[in-house]
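Participant: Take a look at the following structure, please.
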Amino acid sequence: MTILLGVIACGLLSVVYAIWATKSVLAADQGNARMQEIAGFIREGAQAYLTRQYTTIAIVGVVVFIAAWLLLSGAAAIGFLIGAVLSGAAGFIGMHVSVRANVRTAQAASVSLASGLDIAFKSGAITGMLVAGLALLGVSVYYLILTAGLGHEPAAREVIDALVALGFGASLISIFARLGGGIFTKGADVGGDLVGKVEAGIPEDDPRNPATIADNVGDNVGDCAGMAADLFETYAVSVVATMVLASIFFAGAPVLATVMTYPLAICAACIITSIIGTFFVKLGANASIMGALYRGLIVTGALSILGLGAATSLTIGWGSIGTVAGMDITGWNLFLCGIIGLIVTALIVVITEYYTGTNKRPVNSIAQASVTGHGTNVIQGLAVSLESTALPAIVIVGGIIATYQFAGLFGTAIAVTAMLGLAGMIVALDAFGPVTDNAGGIAEMSHLPPEVRKSTDALDAVGNTTKAVTKGYAIGSAGLGALVLFAAYSNDLAYFAANGDKHPYFADVGTISFDLSNPYVVAGLIFGGLIPYLFGGIAMTAVGRAGSAVVEEVRRQFKEKPGIMEGKDRPDYGRAVDMLTKAAIREMIIPSLLPVLAPIVVYFGVLLISGSKASAFAALGASLLGVIVNGLFVAISMTSGGGAWDNAKKSFEDGFVDRNGTRHMKGSEAHKASVTGDTVGDPYKDTAGPAVNPAIKITNIVALLLLAVLA
């Protein structure tokens with residue numbers, strides 16, 4: 001009980017930090033009237049979009065809430081509600097701050113680069129700490145209510161089902177927010193670039209482009225609210241899955257309650273280390289923005305090792321806590337698994353930066369390919385996107401095997417928990433991106449002096465890299481988290497099958513085998529494997545349609561208002577924002593339901609065909625593995641490849657020197673080819689790739705809930 005209260009106190013501390021940082025950001029200077037006017041357009045557009053998005057999700061949520069109440073229990077329905085509301089709140093509040101921090105960052109950048117960095121990072125840290133704090137509070141407070149308040153045993157089905165439902169609530173918000181926000185932001189970006197840069201020859205963030213405000217709105221709803229919902233879900237779902245595994249592996253043991261609070265204690269310790277880490281993000285004498293951000297991340301990671309040790313010592317201790325599948329599990333081994341999780345995080349960050357960072361081989365190779373035309377740019381971009389999957393996959397495989405050797409599947413779960421303990425700092429780095437991007441746009445549209453734009457460009461270039469790095473982290477943690485969920489599914493299934501007297505549906509299941517000689521297992525693997533590709537294809541098509549609509553709208557305005565190009569007429573910014581809002585909401589519904597319904601279709605489809613519950617459960621389990629494996633590769637390929645395309649385009653803004661020593665500037669044929677590549681890469685890295693993340697996890701969560709419903 002004492003540990004749990006300490007966990008809740010740490011969750012509250014992160015919320016207090018967010019409130020303090022919000023007051024600090026909002027107290028900063030907003031700049032001149034023109035800057036405030038442009039920021040107002042962005043703020044209104046972002047709030048209008050999110051309000052409409054959450055209204056749509058609420059309608060779906062009400063249906064799911066009623067279904068959970070009828071099929072499971074009132075506690076499960078309330079758990080779903082808690083997960084959904086807190087996930088939405090983290091993204092909404094974070095975006096509420098970011099659309100106010102953008103103009104303040106632009107103004108601060110006119111004073112100094114250090115001031116601009118301070119405001120932008122602090123606004124990102126608000127979102128980060130809200131994600132970590134609200135997710136931890138949601139799980140720990142509800143767990144406390146279910147056990148100490150309602151008197152349920154920690155491993156009781158009422159508790160487990162309610163916590164899994166909480167994860168499902170977060171998942172549902174996440175997939176809608178990620179996909180809807182991605183369609184909006186990339187529809188605006190692609191459409192605006194094709195007409196603005198390629199046809200009209202005007203630079204990015206030029207106020208004459210009617211899609212400019214929509215593009216800046218999209219940065220916030222996609223990279224701030226969308227990423228917040230994504231990592232909130234991964235955080236909550238992975239902690240819940242670890243607790244579910246603890247309830248199965250240590251059922252009946254005296255240490256059960258303590259082991260179930262261990263992942264919560266790890267996350268609580270990491271919140272403290274993340275808050276400390278934020279104070280180390282200061283521009284040094286070398287004026288390296290990335291260096292300042294990495295200093296905060298490294299301090300957080302190093303302190304988290306100490307925090308992990310403290311959490312281990314205060315909860316389970318260093319000795320043996322029990323035997324699982326013939327393996328002696330010790331506190332020391334679990335501590336080592338947590339460190340492996342932190343090492344995996346560091347390696348994924350380094351690898352992703354290598355594949356997406358400017359002046360690195362992959363990005364330079366795409367820029368060089370642009371010199372010979374549009375086609376070679378696309379070919380090289382695709383090559384980099386495929387190559388970028390290898391090293392992260394090897395790191396994840398190494399992490400799985402190492403942790404399994406130390407403490408079995410529970411060790412892998414603890415590694416994922418430690419990875420996600422850093423979510424507060426990681427989300428801060430991500431939410432820093434849209435703020436700096438917007439600040440650059442506001443500086444450009446307000447005609448601030450060139451030296452201000454130079455500062456905002458420097459911040460924005462780093463923001464692009466941090467966004468790519470955090471996507472890599474989100475995918476890696478999602479892949480490992482989904483593996484933990486699969487372990488929870490297979491162990492839950494074994495528990496129900498062994499206790500058929502208490503759960504009549506499972507009384508006649510028989511032996512469930514995931515053997516590859518079973519044709520239903522192979523069929524399940526293939527069916528699961530197609531979901532990320534189909535989901536990604538639908539998402540890319542949606543961006544294409546939204547982008548085409550923006551192209552037509554921008555062309556129409558240029559044609560009907562020729563004074564726009566001369567600066568005599570003002571574009572109708574609101575038209576593009578409203579059009580994209582409707583398109584994104586319309587396009588996100590069907591693909592979002594695909595991973596939700598897939599597990600149900602697999603189970604009942606195979607049951608209908610084979611007449612065997614064992615075959616149906618085996619096919620369902622195999623489909624989950626298919627989603628995890630293919631989803632991991634699709635997501636990494638799309639996000640890293642798209643990030644490389646983006647920074648290859650940016651290489652031409654200051655002039656790219658090819659292998660023959662020729663300098664290619666903005667507006668050159670090579671630059672135009674790089675814009676084409678970036679147009680392909682944008683929906684890759686900001687829509688389809690990131691949206692595969694929640695799709696991987698939600699299929700596993702639905703499978704867990706299906707077991708609970710059938711039981």
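The backbone N, Cα and C atoms fix where each Cβ goes, glycine too.
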Participant: Given that Swiss-Prot annotates Asp678, Asp682 as binding Ca(2+), state which candidate in Asp578, Asp646, Asp654 belongs to that site as well.
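Facilitator: The record-listed residue among the candidates is Asp646.
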Participant: Quick one: which of Asp437, Asp457, Asp460, Asp492 does Swiss-Prot put in the Mg(2+) 2 site with Asn216, Asp219?
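Facilitator: Answer per Swiss-Prot: Asp437.
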Participant: Pick out which of the recorded positions Asp437, Asp646, Asp686 has the most other Cβ atoms within 10 Å of its own Cβ.
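Facilitator: When each Cβ's neighbours within 10 Å are tallied, Asp686 leads.
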Participant: Compile a sequence-ordered list of residues in the same chain as Asp678 (Ca(2+) binding site), six or more apart from it, whose Cβ lies below 8 A from its Cβ; state 'none' when nothing qualifies.
Facilitator: Asp193, Trp645, Asp646, Ala648, Lys649
Participant: Inside 8 A of the center formed by the CB atoms of Asp646, Asp678, Asp682, which other residues of the chain have their CB, for the recorded Ca(2+) site?
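Facilitator: Near the Ca(2+) site, the remaining chain residues are Asp189, Gly642, Trp645, Lys649, Gly677, Thr679, Val680, Gly681, Lys685.
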Participant: Against the transmembrane segment (261-281), which of these stretches has the most C-beta pairs under 8 Å: 382-402, 409-429, 520-540?
Facilitator: 409-429
Participant: Residues with Cβ closer than 8 Å to the Cβ of Asp223 (site 'Important for ion transport'), same chain and 6+ apart in sequence?
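Facilitator: In sequence order, the residues whose Cβ lies under 8 Å from that of Asp223 (site 'Important for ion transport') (at least 6 apart) are Gly181, Thr185, Asp430, Ala431, Gly433, Pro434, Lys467, Asp686.
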Participant: Which chain neighbours of the Mg(2+) 2 site, leaving out Asn216, Asp219, Asp437, have a Cβ atom within 8 Å of the mean position of the site's Cβ atoms?
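Facilitator: For the Mg(2+) 2 site the neighbour list reads Ile42, Asn102, Asp215, Val217, Gly218, Asn220, Asp223, Pro434, Asn438, Gly441.
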Participant: Below 8 Å between Cβ atoms, which of the listed ranges 164-184, 409-429, 616-636 makes the most pairs with the transmembrane segment (331-351)?
Facilitator: 409-429
